[in-house]
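Worksheet: the structure to be examined is printed underneath.
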Ligand SMILES: Nc1ncnc2c1ncn2[C@@H]1O[C@H](COP(=O)(O)OP(=O)(O)O)[C@@H](O)[C@H]1O
Ligand SMILES: [Mg+2]
């Protein structure tokens, strides 16, 4: 830690480095025995329980907003027949993974970070290391895998709820025709759209879990330190998620040709 | 037998703050050592660097041929299984009961069945006086109990090296005495190398075979207990006496100017055990009235603050007074003898000529008749005369 003050920005660089090395060691230790099955199930259940309800509550209005906006836009353009497909694509590809990511990092990530941070300042993590048990393998891997799994599930849920919400608002509120709505699905959307959505969710879950764990492990200085760590964890995770989303979207649009072209 | 821990040239800084530099010492295999030091001198950091939780800037920590300070993670984890560490606050897992905490290392590192686990855990918990407290959660018990549970957890794998961070703080004097006895008994039973980090003088006087002290970013001394207990080093003497006068201040350290004034004012604490043992230098004391808040040594004998140095300076030589070196704790009757005692005595007697005079005198005065026969020292008076 010496010479932190010598070069401006070196602290941030070092943090970035240790974040990546934690990510690498999470990946490596995922395949190391003994695998912590019980902890994984507990964490999966815990993360699911803190995220499902808020996600469901957020996804209905979100799907509706997109449906309304896209609906009125397509009407302006005279492409009403594509309303269904357009809003489904928007929900499945963008809205759903991001909602999932925000909730996983906001609700689950903050809980993970607070838990790991409290253990760090109470020296539980050090004690574990001293007893020859790797905290990454024992605590972090199950949490990150749990976050990834829950993210994928939630993403599926948000997609379905969002699409249903879109259908409701489009067909019932805006007076669209059900047949056209459904028919446009197959005209514009295809299976890879769902895959990229799930892959995004998986990656976002990983990022949210690793960032939360990383901030938690570097918490110091008592309860105040844990609070700071949670705060940082949420902010950093959000920044990273939006950036990675941009990159993934750009790559996807490049390599997978859009249907109907 | 326990494993030797060799520390060479260890230096550690946090940012610009140097904690200590160039610390070199050897914790002899199977012996009990104490690291003393005022609060904030980096005792905990030192202990953590012995287990690789703190990576030093420079230096080596050799345990069983592995350099803890620079080895790879895998080796680090393997070497750590030889060690049991009790942290300052116990560092129990808050979500587990005491029983599960103590059982944790067994479940992680052995394939013992639940019945064997229970037997070992209950034995260790009884050892630290927590029999029957297994189902409690760490949040529900006192700091002292957490500490003792932490000790039980550190002992459960029968480690060859035991590191204990301030076993006494947060404990009442009676419990501290029990913990002291427990550590000595442990050493007798499993012959482990033990390092106790503490600022408890009573513990330092009676428990260890070797004592060191950290002060002002340096290791002041480390060696056989007699060396530190008879030391004239101002910081050491002040610390052992628990006095205000001396280089140790309320803040981490007094600033150098104050100390200098005090040293000259007090008639040279360092000189005192030297040849002029009367009353310091009256002229010097007279020169600086009221500056040194320490009364001169002559005064001190009059005030009579127990086995202070005023009494000792002459006493050591006069009549085999051993006020400076209280007898060491012995294992509870019924337990085996501590093998460390003889090993240490052999080592100390071999290197006797290298030690300061006061320490030599103390060691010789403490020999039993059997010891004297063993090391071929027949005429106590002759030795004594030769010394002074
Ligand atoms: N992780 C850390 N980061 C920065 N400074 C630290 C850290 N750990 C300890 N220190 C500093 O090192 C010094 C020694 O601390 P410590 O070893 O806890 O003292 P002791 O145990 O002797 O009371 C203190 O000044 C403390 O502030
Ligand atoms: Mg300490």
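Glycine is no exception: its Cβ is also placed from the backbone N, Cα and C atoms.
According to TrEMBL, the protein carries these features:
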type	residues	note
TRANSMEM	A:12-32	transmembrane segment
TRANSMEM	A:44-68	transmembrane segment
TRANSMEM	A:98-118	transmembrane segment
TRANSMEM	A:139-169	transmembrane segment
TRANSMEM	A:194-213	transmembrane segment
TRANSMEM	A:234-255	transmembrane segment
Please indicate, using numbers and ranges, the residues of the same chain that are 6 or more beyond the transmembrane segment (A:44-68) and have a C-beta under 8 Å from a C-beta there.
83, 87, 90-91, 95-96, 99-100, 103-104, 107-108, 111-112, 143, 145-147, 149-150, 153-154, 157-158, 161-170, 173-174
Is the transmembrane segment (A:139-169) close to the transmembrane segment (A:12-32), in the sense of at least 3 CB pairs under 8 angstroms with a sequence gap of 6 or more?
yes
Cβ-Cβ under 8 Å with the transmembrane segment (A:139-169): same-chain residues at least 6 beyond its ends:
22, 26, 29-30, 36, 39-40, 42-44, 46-48, 51-52, 55-56, 59-64, 66-68, 71, 84, 87-88, 91-92, 95-97, 99-101, 103-104, 108-109, 112, 116, 119, 125, 128, 178, 181, 194, 197-198, 200-202, 204-206, 208-210, 212-213, 217
